[in-house]
Amino acid sequence: MRELVLNCREAQADALSDALLEAGVLSVSVEDADLGTEAERPLFGEPGTEPQVQAWERNCVVALLPDGADPAQILEQAIAAAGLDPALAHGWSLREVPDADWVRLTQSQFGPIPISERLWIVPSWHRDDPAVPGLVPDAARDAIHIELDPGLAFGTGSHPTTHLCLAWLEAELPAGARLLDYGCGSGILAIAARKLGAGETVAVDIDPQAVQSTVDNAEVNQVRLQAMLPDALPAGEFQVVVANILSNPLKVLAPMLAGRVAPGGHLVLSGVLERQADEVAAAYAPWLTMSVWRERDGWVCLHGVKA
């Protein structure tokens, strides 16, 4: 397969991308034309903040061509349809895309993730992996594995914040505790909690896809839990409330999350950078004293017990 590569200005990139798709290309991506140079302009900001730069000044539009397509004809058609300067058709190039088994390649990038000696996150294509304790005879008898494939919802166990919350659940979760996972994503924390001995478990997310993903993943892992949107969350307190989101939403949600923790219950927060820990803890100070439970790769897990 081949890719058509063309540099253009910021104002032209969207219209050209749409027109290329209408002209029959298989996919379009837009990259920084100055990537890897001193002029490169990263778009990302800090977690929970808006990026300072919203678009690149010079864009590189990359279109994946169908087999046998005439790149010059497709480009001219797209430029005309978008009402752009015909001179834009000069200076394009082609690059070969090596054939690959994309499914196998993707799967190779997601292996089993050990959270501890006995707790593992295991993609479905590693169900019979002898390297994972508890998946084959004669392996660790008390091993717990959570079957989870990468999907539309956040949470595969690879991010430090997910790892931190899983580690807390394994080390500190009271047996039979009623638990709320707020911002559940894939449902990984709620599912882990159930497998680690939690009682009634409720998973909440603002994204309907995440709620459905949690339902599906719970079924795969043969655990019972409730998954819902925030408006459907019934009244009541929980012995454990865990929220792995970002620092700004955590601060905004402080009254609600703290209010959901029963007296003597635990609040576990992550999605917080080390330098953000104090300001997040301060947001919860009227209700709980939060402190850093553990740090991993610049991220922290905050924990507090409600008086």
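Here the Cβ of each residue, glycine as well, is placed from N, Cα and C on the backbone.
Worth saying up front: this structure is predicted, and the values here are computed from it rather than measured.
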Given Swiss-Prot lists Thr162, Gly183, Asp205 for S-adenosyl-L-methionine, the same-site residue among Asn217, Asn221, Asn244:
Asn244
Just report the maximum Cα pair distance in Å for the recorded S-adenosyl-L-methionine binders Thr162, Gly183, Asp205, Asn244, no decimals.
15
What is the total of other Cβ atoms whose distance to the Cβ of Asn244 (S-adenosyl-L-methionine binding site) is within 10 Å?
27
Sort out the sequence-distant neighbours of Gly183 (S-adenosyl-L-methionine binding site) for me: same chain, 6+ apart, CB within less than 8 Å of its CB, listed by position.
Val204, Asp205, Ile206, Ala243, Asn244, Ile245, Pro249, Gly271
